[in-house]
Amino acid sequence: NNCPLDWLPMNGLCYKIFNQLKTWEDAEMFCRKYKPGCHLASFHLYGESLEIAEYISDYHKGQDNVWIGLWDKKKDFSWEWTDRSCIDYLNWNKNQPDHYKNKEFCVELVSLSGYRLWNDQVCESKDAFLCQCKF
């Protein structure tokens with residue numbers, strides 16, 4: 001694998017948790033500026049969720065939820081990944097997504113679920129975040 005030392009290699013891509021708190025959009029922009037082709041992380045298999053959850057539990061400083069690259073751009077429960085990969089796997093927390101008060105359109109990993117399950121959240125909330133890159 002060609003991933004830098006503190007990145008997690010998985011299925012040909014590299015993943016890294018960033019502990020600074022950013023809004024969803026600022027986090028996606030940070031990932032994109034880090035290196036061309038980088039985005040907030042996308043998930044396609046249950047096994048990836050478990051491996052990422054373990055990695056975040058090991059390396060994340062703090063109890064913050066963690067942004068991933070899923071969002072509801074059209075605000076109608078039609079979810080999209082920022083890397084434009086296909087939506088072939090979802091792992092929502094119980095009773096989610098709910099677009100609570102019609103304000104939640106960005107997706108985070110829930111720290112209380114051990115970073116395994118997903119919640120839709122207000123995009124202006126500040127979370128830690130997970131970038132995905134190809135090196």
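Using the three backbone atoms N, Cα and C, a Cβ is placed for every residue, glycine included.
Reviewing CYS38, CYS86, CYS106, the cysteine that Swiss-Prot connects to CYS133 via a disulfide bond turns out to be CYS38. When GLU80, GLU104 are compared with the Ca(2+) site residues GLN96, ASP98, ASN119, ASP120 in Swiss-Prot, the one appearing in that site is GLU104. Ranking the recorded positions CYS14, GLU104, CYS131, CYS133 by Cα distance from CYS123 (disulfide bond) puts GLU104 first. Averaged over the domain 'C-type lectin' (10-132), the predicted model reaches a pLDDT of 96. Rounded to a whole value, the Cα-Cα separation of CYS133 (disulfide bond) and ASN119 (Ca(2+) binding site) is 23 Å.
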